[in-house]
Amino acid sequence: MENISFKNVDLNIINQIIAYYTKYEVPQRDQNKKNVFQKDGITITIYQTNTVLWQGPKAIKAAAYFFPINARNSPPQNQPIAYNTPNIIGNDEVGVGDLFGPLVVCATSFSSASVKALSALPIKDSKKLRDNVILTLAPQIKALVSYSIVIINNETYNALFNKYNNSHIIKAQGHNQALINLITKLNQRQTIYIDQFVNPKKYFEYLQDQKQVIKENVNFLTHGEEQILAIACSAILARATFLTEIKKLESKFNIALPLGASATTKQLGKKYKKIFPPEQYRQFIKDHFNVEPK
């Protein structure tokens, strides 16, 4: 029987192991152990000291999925993260490509206790889900996660765009504020994954005038909602919030506010700019959009 152990394992790697083996956890009462899993004749034990032990046939091969075997005390670098990894923060935003409505940014984290319930929900890329499904899923997700939602309303968005002339700066500020809020709520730092909209260097340049910037353990992923469950949750919560805010604006001004920025939508925006005074239409229109036909 093979045995292999790793000491002082990074919490992020431990969370990946837990996410990968969560279906195979077995009950145990040893206070020195956090988790015990059994799969294919292999026992994986995670100790309170953050030591991880593999025992059984082909244990070394199984451990190699998470660790370079020639460096037992060093966690792997650039190890792909498991989709349903808990105890990380995932960020996404919605609204910057819509003529009408706010910019909404969400940061989400969940514990290992929520992995099974979240995995049972039909959570996919939010862009592929119908609005009614998004609105149904959102409260179910909220009950299982910790989250922070930042709504940058149209008036604030327009003022910031007039200042910076760059929507990416506004998005970066929204992500940073959502992270500040959630980390304060969690009272702990976690590894962070942001659905990438700009390269990392530019992201932090965009935040240079902010009083507080979250810089540690920040990672960026393209199509992040397809790679990490925490980002997928944030995408859905942000989308649900955006849809709710659109409905509020439609009710307030008694108008239709279609999503996106199609030619038809821009024609409607042009019409609203003629009907409403600037102090009103700037409450529901992103003013930098060119609504004139090409």
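Backbone N, Cα and C define each Cβ position, glycine as well.
No curator has checked TrEMBL annotations; they are predicted automatically.
Residues or ranges marked as divalent metal cation binding site in TrEMBL: D92, E93, D195. The domain 'RNase H type-2' annotation in TrEMBL covers 86-294.
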For the binding-site residues E93, D195, the one whose C-beta sees the most other C-beta atoms within 10 angstroms: E93
Remaining residues near the recorded divalent metal cation site, that is with C-beta within 8 Å of the centroid of the site residues D92, E93, D195: N91, V94, V105, C106, H175, I194, F197, G224, E225, I231, S234, A235, A238
For D92 (divalent metal cation binding site), nearby residues of its own chain (Cβ under 8 Å, 6 or more apart in sequence): V105, C106, S126, I194, D195, G224, E225, I231, S234, A235, A238
